[in-house]
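According to TrEMBL, the features are:
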type	residues	note
DOMAIN	337-373	domain 'SOCS box'
REPEAT	94-116	repeat 'WD'
REPEAT	117-152	repeat 'WD'
REPEAT	161-202	repeat 'WD'
REPEAT	203-244	repeat 'WD'
REPEAT	258-292	repeat 'WD'
C-alpha cells in the first residue's frame, strides 16, 4: 500500500497491505525481483538473501502498515553512546505509519526498532521526513491532524497541525524544507510553513477530494492530484495555478461515463530532475507526463494502483497495488538542458517573489518561474 526508495537509492521498501514491511537492497537482478515479490513472508526478521553485504529484511510491525518514509540519520556527535550510530556514520532509518495511530521508526541496517511514536488517534496514512537530513518527521492521519516529530529529541512531538475537516491522505515537505503541503478528503490542499508551523494558504481549484501532492526538486512547483481526475500544478509561493493536466480515456471509443470515479487519481510524483510527472489512476493506467506538454508521453497498464514513486537517480518508477504487490517500470531518461539546470539551480534558493524582483527581462522571469516551459 506504500512504496519508498531510500534517498541514496540503496534500499527499497514496501508495505504489503498487512503487518509486514519488506526491505530489499537495491538494485536486484530481474529474475530476483520476480522471486522476491512472490516470496511469502515467514514472520520474524527474516534475512533471506544477501547482496553486497546488505540483507533483505522483513519488519514485523504488529499492525497494518499504511505509510513509509526513509531518512538518513545524522552522524553521531563526539562522545555519543548511541549504538546505532557509534561509528559516527549516518544511519538509515525507516518510519512506518500504522493502523492504530502508532509510528514505528526502524534502523534499516540492523532492523532494530528505535522509536514508537504515540499521539495520533487513528490510522497514520502518510509520512514525510525533512529532505535536508534533519531528524524532523511529519505524519498525516485519519484523525484529521498532522503531527511534527523531532527524532533528535527522543521522538518528541513538536507540533500538532489542525485545519483539515476530513481524513488527511498525504503530506509532502518541500526540498528546501520551507513548506509542507497536506491533502485530505477535501477540495482544497493546505500549505503550511515549516518554520512557524502555521497555515500559509489554502489551494482551491479542484472539484473533488485532493488525495496526493508532491513538490518539484527545486521547490518551485507543487502538484496536487484529485478524485476529479485532474492534476493541478501550482506556484506554492504565490498560490497561482500554472496548468491543469486532465486524465482522459486512452481510447475515445471506451465509455467511461457509467462511473464518475473511473479516472480518479490515487498518486502523483515528480521525477528526480523535475521534468516529468508520474500519475496512477483508477482507469488502470500509469501515466508519465512531460512538464512542457499537456498530454502524457507514456502509458502502462496496471490494475488496482495505489501509489507511485521515482527511483532517486531516475530511470525507474515503483508502483504499489491494493493486493500488496509492487511493480517496477522503466521511465524516460532525459538529459536536462543547460537552461533547465540553471533554472533548477537558481530556484533552489530563490522564491518566486525574489525572481520577479530581479533586474532581468520579463521573458527570463517567466521561464524561471515556470510560466513558460
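Here the Cβ of each residue, glycine as well, is placed from N, Cα and C on the backbone.
Here the structure is a predicted model, which means the values were calculated and not measured.
Secondary structure of the domain 'SOCS box' (337-373) per DSSP, as helix, strand and coil residue counts: 22 helix, 0 strand, 15 coil. Remote same-chain partners of the repeat 'WD' (117-152), defined as residues 6 or more beyond its termini with a Cβ less than 8 Å from a stretch Cβ, comprise 2, 7, 66-74, 90, 93, 95-105, 158-162, 164-175, 177, 180, 182, 184, 192, 194, 197. Helix, strand and coil content of the repeat 'WD' (117-152), in residues and according to DSSP, is 2 helix, 19 strand, 15 coil.
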